[in-house]
Amino acid sequence: IVRLDRSMEQIIFPVPGICEFLTKETKYRLFTTTEQDEQGSKVSDFFDQSSFLHNEMEWQKKLRSMPLMYWFSRRMTLWGSISFNLAVFINIIIAFFYPYVEATSMGVLDSPLISLLFWILICFSIMALFTKRYGVRPLLVALILRSIYYLGIGLTLNILGALNLTNKIVFVVSFVGNRGTFIRGYKAMIMDVEFLYHVGYILTSVLGLFVHELFYSILLFDLIYREETLFNVIKSVTRNGRSILLTALLALILVYLFSIVGFLFLKDDFILEVDRLPDSKAQDDPLGMQRNMETFMESCSGDKISCSAVPTALQEADTDQWERACDTLLMCIVTVLNHGLRNGGGVGDILRKPSKDESLFPARVVYDLLFFFIVIIIVLNLIFGVIIDTFADLRSEKQKKEEILKTTCFICGLERDKFDNKTVSFEEHIKYEHNMWNYLYFIVLVRVKNKTDYTGPESYVAQMIKNKNLDWFPRMRAMSLVSNEGEGEQNEIRNLQDKLNSTMKLVSHLTSQLNELKEQMTEQRKRRQRMGFVDVQNTMNH
């Protein structure tokens, strides 16, 4: 921990017994979902969740006194997998055999292929049990086929639906057992989105079992809940939903403007080929078809547009195959919105093909090109671009989060490269020195321990927790790095002292040599002086 004077102190404490009830699922969820703050630290979110984690420990302790519920809650992942597999099997049966009367009348159930497929799956399931690769799924498929053959499709579907409903109820019991949802109050239950999702799953299973089988198709959306990749695909649309809605609103405004232009100047080009049902009234009323043709010819004459612009094939063909689609502004809007956005070339793909000799031919070219470039190319691609960019951002955020989990300490935020060439490795640091669970256990100890029994560090941390002050957490610091730095400084001083000693020895050696050399020079000078004095005396004598 970090003291008020910013010095670090190592704490040794007894782990409370209640901490052993923290589940592995909760540990994994906390480790992977804790968010960083503005300083890049996860301590703030980690501290905020400590109260919830303490309550969960208390609930798990109570859960151990209920063996049956504890047994169910320990296998929550298994119940979820069973529910999804049953939903898939149910929908496969509905897709292949619905409606059941036709499947029975076609002799599908009496086919020897069913029996052959049953024995093939039995053999395959036996091999799968030995290899432990596919589990019991082939055996379940074989039993379902045998049940369809003997009991019929409807009864088999009801049995699978009842099993799925029962299994999902067991899953919800396990979910409540792990989370302790009921003890948190009704408000917490209503605000728990996951709990509401599972309740909706149960209601859908009830509708499929007692109302209609096709309600089971909704259960396949459970794949989005189970797979994070698919959840990110949905998130890429909802995350920037406001931008997408505003861009879609711009597209609607443009469609509205193009519809007005079409209604005012090009209404006779909105002629669509239709395929009427055989029992439609127009098929039984030839006089009505004739009246439609006469109305069409009168309208094109009344708008001062030559009826020669109308294709001859339209006048000669059966009137029942063609329909005017822009006699009202509302019909123009619906036609442009429905056909214009769904055609690759825009609304021009479904309008009448004009002749180059018509007076409005240049206007049609401009109208079609403007709709194509503005609505199809620009606006729609803006929407697709927002979705694609959001999905790319989500993927990069996921990769960055995974990288942070692998290379950054959860408590102090130091990266792996800070521990290169140090006495303590990064793995040892996050396991022994800054173990995130030890910090959680210490917080729990401070909360459950009697205040009169606090030690000095515990009193200090308890006061900091009460004030919601997180300065006692080490950030961008570690005692091992500090000690390494101290040892490094001492080594440098020691090396400098060694170098200084060697230099002093060298200087003393050189000094002694200089003294010897000085003495030699002095003796030689004296000797030369004596020799010079003798020579001078001899010369004088001579």
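Cβ from N, Cα, C; glycine included.
TrEMBL entries are annotated by machine, without manual review.
The domain 'Ion transport' annotation in TrEMBL covers 116-398.
For 523-542, the entry in TrEMBL reads region 'Disordered'.
Taken from TrEMBL, the feature transmembrane segment applies to 76-101 (among others).
Look at TrEMBL and you will find 113-131 (among others) tagged as transmembrane segment.
The transmembrane segment feature in TrEMBL is assigned to 143-163 (among others).
Proximity of distant same-chain residues to the transmembrane segment (199-224), defined by a Cβ-Cβ separation under 8 Å and at least 6 residues beyond the stretch ends, is recorded for 83-84, 87-88, 90-91, 94, 98, 157-158, 161-162, 164-165, 168-169, 172, 230-231, 234. According to TrEMBL, the transmembrane segment annotation covers 199-224 (among others).
Per TrEMBL, transmembrane segment is recorded for 244-266 (among others).
Taken from TrEMBL, the feature transmembrane segment applies to 369-392 (among others).
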> Same chain, outside the transmembrane segment (244-266) by at least 6, Cβ under 8 Å from its Cβ: which residues?
Replying inline: 237, 326, 328-329, 332-333, 335-337, 340-341, 347, 351, 360, 363-364, 367, 370-371, 374-375, 379-380, 382-383, 386-387
> Which whole-number mean pLDDT does the model give the domain 'Ion transport' (116-398)?
Replying inline: 80
